[in-house]
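Engineer: Once you've had a glance at the structure underneath, I'll fire off some questions.
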Amino acid sequence: MEWTGYRIFLALLLVITGSINTLSTKWADRLTSEGLDGESTRFVHPFLQASTMFLGEIACLATYKLLYWYYSRRQPGSESIEKATAGNTNFNALLLFPPAMCDMISTSTMYIGLNLTYASSFQMLRGSVIIFVALLSMGFLDRKLRCVEWTGIVFILGGLSVVGMSDFTGSSSGPHKNQNSIITGDLLIIAAQIITAFQMVYEEKFVKDKDIPALMVVGYEGLWGFLVLGALLVPFYWIPANPPFSDNPRNVLEDTPDGLVQIYNNGLLLLSVIGTFVSIAFFNFAGVSVTKEMSATTRMVLDSVRTIVIWAVCLALKWQDFSYLQVIGFGLLLIGMCLYNNVLLEPAFKKLQRFMNRRAIARAGLGEGNDEDEEGGGTTSLK
């Protein structure tokens with residue numbers, strides 16, 4: 001695969017915006033601001049943050065519409081329109097409602113978990129989605145896993161166990177953290193990956209064959225998610241919830257007015273929310289483009305690079321303490337993902353096999369030459 005300037009740009013955009021998305025969300029969780037009660041408290045509004053993410057996904061739909069309009073006006077009837085749409089646009093938007101609901105539930109749950117645990121653990125634990133996708137694919141897509149894929153899953157399980165152990169034995173990085181909340185956050189993040197796996201399997205079974213443009217898929221899922229979650233914010237305002245799941249003056253599941261007031265009263269908090277909105281839009285665009293220009297495997301490798309960036313920034317900002325267990329856990333997760341996605345073992349084995357075949361052919365050629373020399377020598381002796 002040739003790394004052109006455009007592909008390098010897409011790779012950097014994916015890593016940078018993906019890292020900003022997680023870090024800006026975590027940054028908002030650590031900021032304090034004055035709320036409706038006049039007191040300065042931490043910003044704990046995961047459902048409001050999830051709504052911001054869905055707005056970023058809706059921006060992908062707006063981008064698609066703008067691209068279509070631009071190309072259709074500039075070169076009507078040309079192939080560039082086909083490249084911009086990249087698939088079938090005549091589909092029922094309700095087809096994307098179920099995956100949008102999965103996205104809404106999993107994202108909200110993950111943001112609750114992120115508020116309770118570390119950003120690096122959040123990113124690492126998201127790798128567990130591979131396990132649940134594999135198991136659900138066996139049940140709903142009649143897929144059979146190879147031995148190398150099962151080996152990858154074993155490595156991922158080992159990595160998840162080590163990451164969880166590092167959070168359990170490590171010291172907290174703030175007064176609001178304790179081991180119980182950290183482990184609860186880790187478990188919520190893993191539970192959210194089960195819902196994400198259902199979303200991925202559904203999209204593969206019902207959406208993939210429809211050839212719907214990827215930006216439209218992301219945009220419509222964001223639209224459905226924002227509409228439903230926006231409506232749910234009303235009853236969430238009256239549902240009681242206690243810490244660590246709630247830290248607002250009214251002790252309810254989501255106090256949207258209080259969250260909006262906190263954003264208004266703190267410019268840094270507003271900046272972090274804008275960072276989440278902008279980064280998720282560019283991150284989805286970059287992810288779709290990397291998959292189309294290169295491969296889904298390349299996207300997985302770049303996502304691992306994003307984990308390293310997030311981890312390094314968290315250590316630099318002293319949002320968490322360094323742990324050798326996290327190094328080991330990340331290494332196991334990376335090996336497992338490479339094995340499962342056919343990046344590490346099988347390509348190396350094939351290269352070794354090709355090398356051995358070339359050597360065997362070369363030896364066979366030398367052997368034939370020696371036989372001919374021997375036959376020639378024998379004929380001369382007979383004469």
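Glycine is no exception: its Cβ is also placed from the backbone N, Cα and C atoms.
Note that the coordinates shown come from a computational prediction; the quantities given were computed from them, not determined experimentally.
Okay, these came from TrEMBL:
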type: TRANSMEM; residues: 46-70; note: transmembrane segment
type: TRANSMEM; residues: 91-112; note: transmembrane segment
type: TRANSMEM; residues: 124-141; note: transmembrane segment
type: TRANSMEM; residues: 153-170; note: transmembrane segment
type: TRANSMEM; residues: 182-202; note: transmembrane segment
type: TRANSMEM; residues: 214-239; note: transmembrane segment
type: TRANSMEM; residues: 268-288; note: transmembrane segment
type: TRANSMEM; residues: 300-319; note: transmembrane segment
type: TRANSMEM; residues: 325-349; note: transmembrane segment
Engineer: How about the transmembrane segment (182-202) with the transmembrane segment (268-288) - do they touch, taking at least 3 C-beta pairs under 8 Å (6 or more apart in sequence) as contact?
Structural biologist: no
Engineer: Using a Cβ cut-off under 8 Å, which residues of the same chain at least 6 positions beyond either end of the transmembrane segment (300-319) come close to it?
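Structural biologist: Tertiary neighbours of the transmembrane segment (300-319) are 11, 14-16, 18-19, 22-23, 26, 30, 118-120, 123-124, 173, 290, 326, 330, 334, 337-338, 341, 343.
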Engineer: Considering only Cβ pairs within less than 8 angstroms, which of the stretches 46-70, 153-170, 214-239, 268-288 has the most against the transmembrane segment (91-112)?
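Structural biologist: Per the Cβ count, the answer is 214-239.
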Engineer: Cβ under 8 Å, sequence separation of at least 6 from the ends of the transmembrane segment (268-288): give me the contacting residues as numbers and ranges.
Structural biologist: 10, 13-14, 17-18, 20-21, 24-25, 27-28, 31, 33, 43, 49, 52-53, 55-57, 59-60, 63, 214-215, 218, 262, 299
